[in-house]
Every structure is written in C-alpha cells, then in structure tokens.
Ligand SMILES: Cc1cc2nc3c(=O)[nH]c(=O)nc-3n(C[C@H](O)[C@H](O)[C@H](O)COP(=O)(O)O)c2cc1C
Ligand SMILES: C=C(O[C@@H]1CC(C(=O)O)=C[C@@H](OP(=O)(O)O)[C@H]1O)C(=O)O
C-alpha cells in the first residue's frame, strides 16, 4: 500500500491517492470524518480551525461504501481558499494585482521550513515554501490513516492516542485503554487525568497570552496487533523503524520512544526484557510490555506503545530575530496566524501515521485482493502462531 498527498495550506484543496487496498472492505465514512474532526480541534489551536470544516469526499475507489481495489482518491476542500483565491490561485496576476495582492514573505521564521526551503528551491517569496510545509497537510494524512483504521477495524485491531505532556505538565498515570478510548472531546487537551488536563489548559492559555508557544509528548496505543508484523531480516522491513520514521515525518515531531523508551538506558536488563508466558486463550504472551510491543522489529502481539515529542510551534506572536533575505539585515521574523499549542491535534495525526504503518505491514504480510480472503488468511495465521 502506498499513498501520496498534495495541496497547499491556503490553496483550493488537499488530496490523497491511496493504492493497494483490497476490494470489498466496508467503509464507514462518518467514522472517518470523526477522525478529521478530532484533528481539527484540541486546546490551543488558532483561528484557522474556526474557518475550516474538515469533511472529505471520495473521488474514486469506493462504490456503495465498499472499496473496489482500485486507487482511492480523497479530497478535502480548504474553506479558507475563498479568502486567498487571488494570492493562492493558479492563474497569472495582472501587474496591478501583483502589486496589491502578493504578500511577499522575506523574513523567515526560525524553526519553520521558510529559509532552507527558499534557499533550496530558489524562491524569493517564502510563502511558496510555507504553504506546503504547513501542517494543514496532516489533514490529508489523517484521512488516509482513517481509511487504514477501517481496514484495522475489520481485523479487530484498535488504535487510540492521548496527550502525555504539555510543557512541564505531565500526566504520569499508566494508560487505561478504556479511558483513552472515550477521548473524543475535540476541544480538550485529551489527557487522561482531569486535574492535569486543567493544569495543561492553564499553561497553554498563559503561553498564548505571552505570545509564545509550547510543545509536549503524545502517546499512541495499538490494541490487539497481529504478532509477527514487520521483520527481523532486513533494516527496512523492521516495523518499529518504519513507525519511527513516519512519526518523525509529522511537522514539528522530534523524537520517538517505544514502551519504556529512553528509560531503558538506566534500567537493568532484568527489569526491561518482558518475560514470556503461555496462555491457553491468548497463546504466547508477555508478563510486562516494557518493549512497547516489539522484538526484532516485529510485533509481539502485545499492545504497541509509541510515545513521541513535539517541539513548540515555530511561529511566535512575539517573534524571534531573523534576517530579511533581500536586505540581509536583522529583523523580527514574520508573524503568521498560528496555533499556540498543537499537541492535542498532533496526537491524532500521530495515531493516524501509526495506523498507516500498521495497515501497510498487514497488507505486506497478507497481500490479498479481496477482504474476505485477507481475513481468512489472518485467521489461519493467528491459529498457527497460537499453536506454535
Ligand atoms: C497539527 C499541527 C499544527 C501546527 N500548527 C502550526 C502553526 O499554527 N504554526 C506554526 O508555525 N507551526 C505549526 N506546526 C508546526 C510546523 O508545521 C512545523 O514546525 C514546520 O513545518 C517545520 O517542520 P519541523 O518542525 O518538522 O522542522 C503545526 C504542526 C502540527 C502537527
Ligand atoms: C491549517 C492547519 O494548521 C495550520 C498549520 C500551520 C503551520 O505552519 O504548520 C499554520 C496555521 O495555518 P494558518 O496560517 O492558515 O492559520 C495552522 O492553522 C490545520 O491543521 O488544518
């Protein structure tokens, strides 16, 4: 399974083409739309999210709520384009329009893609970089991830996410899958503890008031993964590595941990490796899950537990110093409308990037054209590994 996204933040639309899905998978469009709505929300978002209404249309690949096995095209309209149709349109501008409409950006924001993108692609209006590097693109990724979640849902594999940390406010509680599953409140920080959620929201408010931004840590859990997804035989078939790459590809994500993660460095091996046991109902299982569901780049069958860190948002209402690319003089960076904290929204993006990698691993291991065939193959495989 492979996919591509396209679209600029203030352009007419975002789109994605997904190829490699089996035929006859039932699709619940409302459930998919809910995932997009979750990404749009989250405490700390800016005004743009009040303009957009992230719904999507299938342009191909689905008929009567079932996949056809052909490429699936998904489109999300940018409602904000109506305010930007001249600035972001594909038609040429008259000289007068060019004078009045093109808001040329020449003061790159530290931490965003502006300067390096401008240098690399040889563009002197940094809007040409900003538009594609904007995390607006993650709406298209969530739509693809939501499609992948439909496939995983049919195989009884569930994926959830939550916020673990905002700035210095940390929700230390161990995860409880039932609690996390109830987390659909799109306006919340999406932490488990109500007390910590309140503290995090206060911190976001104070940060915003101060013209600053703040990052955090998110956690994604995959329940009931099929054991043996990924492979130990080659570096580019290890599923933990693929998940790590996909997660760090999310705008502003800087690091990933599985299970105990970096804490494993200061913990003896006897307390890190998960003891193996056999259960008549579940087959092979582990007494603990410090390794976050992976051994040798393969799923063990224990929940996959991924934690990831998001840096603070680069655009600041009290901007940092930068250099104007025309005069080379020092200036304050450009202020663009911005979120103060996008960690709650980003937890949803992270969940969907993990879903994409897990679904891809399922389709690599069970390459079937028809969903019933795929389900039968998964059932037979699970029976075999349980009896192994
Ligand atoms: C959901 C989400 C929303 C974001 N919103 C903003 C924003 O409003 N302003 C901003 O400057 N960066 C925002 N970012 C982060 C930038 O897109 C990101 O920092 C930039 O593309 C540079 O990439 P890098 O940080 O991965 O190096 C957001 C990221 C995510 C995941
Ligand atoms: C549009 C989204 O996020 C945007 C990501 C983003 C950035 O620089 O990454 C900048 C902001 O865009 P704008 O300048 O239009 O307000 C965010 O709102 C979205 O998540 O749908």
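Each position is counted from 1, following the chain as shown.
For all residues, glycine too, the Cβ spot is worked out from N, Cα and C.
Positions annotated as NADP(+) binding site by TrEMBL: 39, 45. When secondary structure is read from DSSP and collapsed to three states, residue 39 (NADP(+) binding site) falls in the helix class. Neighbour list (residue 39 (NADP(+) binding site), Cβ cut-off 8 Å, at least 6 residues apart, same chain): 54, 138, 139, 142, 345, 348, 349, 352.
Under a cutoff of 8 A between CB atoms, and with a sequence separation of 6+ in the same chain, the neighbours of residue 134 (FMN binding site) are 8, 9, 251. Per TrEMBL, the feature FMN binding site maps to 132, 133, 134, 251, 252, 296, 311, 312, 313, 314, 315, 337.
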On the three-state reduction of DSSP, what should I expect for residue 132 (FMN binding site)?
helix
Whole-number Å only: compute the distance from the Cα of residue 313 (FMN binding site) to the Cα of residue 45 (NADP(+) binding site).
11
Can you tell which of 252, 313 has the least company, meaning the fewest other C-beta atoms within 10 angstroms of its C-beta, among these binding-site residues?
252
Is residue 315 (FMN binding site) helix, strand or coil when read with DSSP?
coil
